Amino acid sequence: MPFTLGQRWISDTESELGLGTVVAIDVRMITLLFPATGENRLYARNDSPITRVMFNPSDTITHHEGWQLKVEEVTQENGLITYIGTRLDTEETGVAMREVLLDSKLTFSKPQDRLFAGQIDRMDRFALRFRARKYQSEQFRLPWSGLRGIRASLIPHQLHIAYEVGQRHAPRVLLADEVGLGKTIEAGMIIHQQLLAGRAERVLIVVPESLQHQWLVEMLRRFNLRFSLFDDSRYSEALLDSSNPFDTEQMVICSLDFVRRNKQRLEQLADASWDLLVVDEAHHMAWSEEAPSREYQVIEQLAEHIPGVLLLTATPEQLGQQSHFARLRLLDPDRFHDYEEFVNEQQKYRPIADAVTLLLGGERLTDDKLNLLGELIDEQDIEPLLKAANSQSEDSEAARQELVTMLMDRHGTSRVLFRNTRNGVKGFPHRVLHQIKLPLPTQYQTAIKVSGIMGAKKTLDARAKDMLYPEQIYQEFEGENATWWNFDPRVEWLLNYLVANRGEKVLVICAQAATALQLEQVLREREAIRAAVFHEGLSLIERDRAAAYFASEEDGAQVLLCSEIGSEGRNFQFACQLVMFDLPFNPDLLEQRIGRLDRIGQNREIQIMVPYLEDTAQAILVRWYHEGLDAFEHTCPTGRTIYDSSYQELISYLATPSEQEGLDEFIHTCRQQHEGLKLQLEQGRDRLLEMHSNGGEHGQELAQSIAEQDNDINLVSFALNLFDIVGINQEDRSDNLIVLTPSDHMLVPDFPGLPPDGCTVTFDREQALSREDAQFVSWEHPIIRNGLDLILSGDTGSCAVSLLKNKALPVGTLLAELVYVVEAQAPKHLQLTRFLPPTPVRMLMDRNGTNLAAQVEFESFNRQLNAVNRHTSSKLVNAVQQEVHTMLQQAEALVEAQAQALIETAKREADDKLSTELARLEALKAVNPNIRDDEIEALEHNRKMVLENLNQAGWRLDAIRLVVVTHQ
């Protein structure tokens with residue numbers, strides 16, 4: 001093409017320079033000035049990587065002064081172009097704009113514009129873009145979004161609760177599962193779903209101070225959710241940036257004490273527009289109608305301002321009726337406003353639970369029970385169901401299940417309360433206690449005697465705690481460097497035990513970090529035993545590394561030495577040997593220690609080793625835990641209650657272990673209390689609530705469906721392809737692990753989700769669970785979601801040119817592969833993607849206007865194509881530009897019918913689903929007062945807005961690839 005001064009060209013290799021203007025021409029070279037950057041470039045007149053910029057009728061172009069022109073006519077004179085059309089700001093017609101006056105900052109966003117401007121991408125990027133569109137659309141349609149990407153085992157009851165609650169508008173529920181059943185994971189899954197769906201954007205978690213780091217770790221490791229921990233120093237720091245420090249972060253964890261002791265903080269928290277509040281250990285907030293505690297009032301004030309509330313608490317039976325009512329009152333003060341009324345109502349529900357027990361037991365129903373069922377379900381004619389349920393026919397079981405479902409809908413608190421018990425959830429291992437009685441060394445005997453004399457002024461509580469840890473008493477008198485481990489028989493026993501069990505992974509827990517560190521040194525120096533240490537002094541990354549070292553089968557540590565606090569929130573169910581080097585001071589901590597191994601999914605018996613020194617507080621505490629509470633071999637829901645009621649007597653025995661008069665009677669009394677409370681708890685079991693919380697078949701189906709999605713081959717190949725194209729380094733490790741690190745040539749300098757020093761990932765859920773340092777990559781992982789956004793929100797792969805070597809077709813045959821996207825724009829919380837995700841419609845057009853996409857599948861077609869360099873691509877495009885315009889017009893006419901069909905299907909599906917949900921809630925409200933009015937109103941508004949936005953859905957061209965046939 002001949003060059004003329006003033007012509008506008010664009011660089012094929014440096015498109016960021018904007019539009020260039022020809023400012024100098026000689027025999028062999030031309031000079032382009034790029035006004036947007038002020039830079040000049042010198043190019044050869046022949047075969048330079050530059051493309052002439054020419055617009056067509058119907059394009060909109062921008063003048064360098066900022067106004068826009070809708071092009072209607074294009075003229076050329078002396079090699080320079082003039083565009084004639086309508087000026088959009090003044091609507092003046094017949095306006096002429098010479099090309100030299102075009103805005104130099106011009107960028108091409110439409111795929112066809114980029115193609116004609118020579119901004120052509122590699123064909124592998126085009127393929128990646130199409131796959132990204134296809135897979136993203138498929139993932140949006142799956143109903144369990146937010147549940148798949150969790151780094152946790154697929155436990156049916158957890159998935160059921162999370163799915164039920166996570167789908168709701170502003171859920172306000174009580175999660176009251178027994179210890180070890182995963183309330184934290186349930187809450188995390190609900191948070192994850194609400195965030196992914198756009199129902200929540202700002203989340204506040206309030207927990208006891210000792211659990212802050214545990215929650216921080218759990219949210220990050222299991223759900224890839226980065227919360228900010230607010231304490232005094234972080235609060236002061238944030239106060240410099242904002243009048244309300246809590247506005248500086250979207251997701252915050254803080255302690256209840258941090259809020260309680262400062263009125264201004266509470267007001268700022270309440271004003272910070274949170275969407276979801278999560279409160280752990282909610283049963284510790286005391287309440288009575290006359291005098292609610294300060295802690296309770298704090299949460300009450302927050303719950304009044306925040307639409308969604310999750311309270312994690314002990315089981316209602318452990319709480320007692322009044323305390324249980326207090327939690328429900330936080331969730332719905334209008335519904336639960338009077339305690340006496342609540343008690344009367346609960347008594348009315350007792351017969352419902354009894355009826356369910358009968359139905360589930362398959363027993364024949366007496367006339368009294370039949371009448372009761374008739375009264376409980378009074379608005380429908382259920383005679384045929386009752387008759388079938390009481391018959392011996394094949395329909396009996398189905399009729400009983402239907403009656404149970406009807407009763408469940410009418411159950412008092414089933415929508416606001418979820419509670420599973422170990423009795424109702426299968427899959428827990430047996431626990432076997434091994435008591436190892438060891439002699440008390442003379443060094444300790446002397447230290448304990450001296451301590452008794454010198455510590456006479458200490459409180460009973462302090463003396464009891466001292467007596468549990470004789471090595472610390474010894475160090476108090478002999479100095480911190482005293483080598484207690486040289487004579488403590490527990491150390492010798494531990495060494496022998498580990499040597500005898502070389503093939504087993506062993507978790508050793510002790511109260512103090514210093515003890516763990518000293519034991520590691522002894523194991524290493526005396527028997528060369530590889531041990532990892534895990535304590536509160538380590539950073540999160542250091543803890544992950546220690547846990548990964550312990551988990552590794554190859555060259556990993558045999559032993560993990562944990563301090564009490566350091567082990568919070570970590571689970572090691574790949575091990576089954578637990579050594580308690582000392583004992584914790586209360587039953588909750590004991591259960592927490594055993595809970596590191598005693599989880600659902602543990603498939604071996606847990607061997608609990610307790611080496612203790614005779615004639616010490618340790619010996620008394622072992623007896624009290626085992627004989628009084630049965631707390632080693634079974635979970636102990638009564639432990640805290642008995643501990644609180646017998647605390648003074650217990651610590652007096654621990655503080656003076658030599659005085660054991662009455663100890664046997666004390667332990668016997670505690671055992672009787674334990675058995676009595678256990679019986680009460682069992683009799684108070686609400687089978688209907690357990691059924692509702694457990695999820696039954698629904699939970700099983702969810703777990704199975706998600707398991708089938710695990711190890712998705714499409715995900716693995718897509719992810720590796722994505723990492724290659726984005727420029728992320730990949731290094732294969734053993735055990736299905738890949739190390740990802742940033743490179744110097746990435747598409748973006750900082751890839752969101754990829755740490756600066758890289759990370760280890762796996763696509764295998766089981767591997768991720770056994771390796772603390774490996775992230776579990778699913779379609780929901782931030783690296784994949786951010787990768788999809790990076791590709792699809794930009795121009796990557798939006799236009800390409802390829803060659804098809806096929807002797808069956810004439811040379812020069814032209815095909816246009818077009819990818820349209822049918823989509824609706826709407827606020828994220830409406831979740832339009834459930835019904836109409838951005839859906840790719842692929843077309844393969846020939847010169848005759850025929851769409852060959854149905855006959856030619858994408859992947860097989862893509863494998864036959866060859867890449868073309870950018871310069872040759874530009875030449876090919878310029879040669880067939882007019883034909884491509886015609887093919888695009890033909891495709892536009894064809895795509896409309898497909899797009900409209902997709903939109904109509906989405907509208908029908910949305911109307912059916914949302915109308916059914918609404919009708920069900922309205923019907924339930926008639927028989928169950930726990931359906932909130934605002935929930936029904938929100939669903940009604942949601943349905944209306946979804947249908948309105950679907951009516952405005954449209955389609956656009958997302959990507960184009962020209963394919964030219966060659967025989968060479």
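Keep in mind that glycine also has a Cβ here, set from the backbone N, Cα and C atoms.
Quantities reported herein were computed from a predicted structural model and do not represent experimental measurements.
Among the features that Swiss-Prot reports, domain 'Helicase ATP-binding' is placed at 164-334, with the record citing sequence analysis. What Swiss-Prot lists as ATP binding site is D177, E178, V179, G180, L181, G182, K183, T184, and the listing cites sequence analysis. The motif 'DEAH box' annotation in Swiss-Prot covers 280-283. Among the features that Swiss-Prot reports, domain 'Helicase C-terminal' is placed at 490-644.
Each of the binding-site residues D177, E178 was scored by other CB atoms within 10 A of its CB, and the lowest score goes to E178.
Counting Cβ atoms from all protein chains shown, G180 (ATP binding site) has 18 others lying within 10 Å of its own Cβ. Each residue in the motif 'DEAH box' (280-283) gets a DSSP state, and the totals come to 2 helix, 0 strand, 2 coil. Under the DSSP three-state reduction, V179 (ATP binding site) is assigned to coil, being neither helix nor strand. Each residue in E186, N420 lies on the same chain as D177, E178, V179, G180, L181, G182, K183, T184 and has a C-beta within 8 Å of the C-beta centroid of that ATP site, without being one of the site residues. Within 10 Å of the C-beta of K183 (ATP binding site) there are 25 other C-beta atoms, taking all protein chains into account. Each of the binding-site residues V179, L181 was scored by other CB atoms within 10 A of its CB, and the lowest score goes to V179. The DSSP secondary structure for T184 (ATP binding site) is helix.
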